[in-house]
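What Swiss-Prot annotates here:
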- 342: active site, nucleophile (ACT_SITE)
- 3, 11, 14, 89: [4Fe-4S] cluster binding site (BINDING)
- 214, 243, 270, 315: S-adenosyl-L-methionine binding site (BINDING)
């Protein structure tokens, strides 16, 4: 991938950019192997890594806003502590550059003065732009210091929608603190539509403001599709999807299992109410029965259940599932575990704690090309 920003060192976020892509995959695979090297791999099948496109793969741009209201700069504060314009970043869909040009004009028309950190003055802190690969519609979020400019934004919104016809969801997020915090709790919708629909392997998934959603949709689709293929023929009647987010894993697995056994039951648990709303909407759109999603802490939910599932899916944050939940799963003894991780180091530690389980399949997913980060999926069975 050719990147002028990396060549001039104005942005070095893609730290592996000079490493050939095949070598990137080899290094990541080696790192993954090191994390599980002391575990029993006698029955483990290694599936070849799921590769990513090397450019244009991100569906979301998070832009720090600097400069002036007449000449805003959308991008990052780089390691030289300078604002860098990244509107033509090659990780984004090609059309984002043109959209950002329109947004710069909107910033001026709505009087959205970029927030000045040193002076603690101004209004506009970030612009967040997300695209649905399924239908090319867009979600646009303005992170503001206050609600002062909302009347002007509403006045100019019709003109913005004319220039960007795919604009489906527009919000103002209010983040009043003078701190390096991306977003505040208050989200004000400026459009009637409040969710962006994405579709992976025929399963509709919904993106909401403040909800987590994978930023590499092609690889995310591969991740969910692999999970679906691994479990579709397993003898599963009940499954839990802990840390379920918008329901990607649970819905893919439940849809495949219910195709063979209609009364398969899914329970999804996620601490974010916004994500649970999206997951429930997806289940309804899919026409799936015996599905429930609850807004709870996943570990606490599991520790307080009496019924026993046949399959437990865990997709924890970077810290992993931790010893209490691992020990609970050892004692609960579901026949199958499906573990998805964005941090192979903590996953390796968790798998050491899951002493009653043995890895059967594993696959690396290159969700973040040109960096050291990756996702991994492994299927475990009860010993």
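Residue numbers in this text run from 1 along the chain shown.
In case you wondered, yes, glycine gets a Cβ from its N, Cα and C as well.
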Practice item. Fill in the CA-CA distance, residue 3 ([4Fe-4S] cluster binding site) to residue 270 (S-adenosyl-L-methionine binding site), as an integer in Å. Key: 38
Review point. From the centroid of the CB atoms of 214, 243, 270, 315, the recorded S-adenosyl-L-methionine site, which same-chain residues not already listed sit within 8 A by their CB, in sequence order?
Key: 212, 244, 245, 246, 248, 249, 275, 316, 340
Review point. Among the recorded positions listed here (11, 14, 89, 342), which has the Cα closest to the Cα of residue 270 (S-adenosyl-L-methionine binding site)?
Key: 342
Review point. Residue 243 (S-adenosyl-L-methionine binding site): which of the recorded positions 11, 14, 89, 342 is the nearest Cα neighbour?
Key: 342
Check your understanding: Can you name the residues of this chain that are 6 or more positions from residue 89 ([4Fe-4S] cluster binding site) yet have a C-beta less than 8 Å from its C-beta?
Key -> 3, 5, 11, 61, 75, 96
Exercise for review: For the recorded [4Fe-4S] cluster site, whose residues are 3, 11, 14, 89, find every other residue on that chain with a C-beta no more than 8 angstroms from the centre of their C-beta atoms, and list them by sequence position.
Suggested key: 5, 6, 12, 13, 17, 86, 90, 91
**Study point:** Integer Cα-Cα distance in angstrom, residue 214 (S-adenosyl-L-methionine binding site) to residue 342 (active site, nucleophile)
**Key:** 11
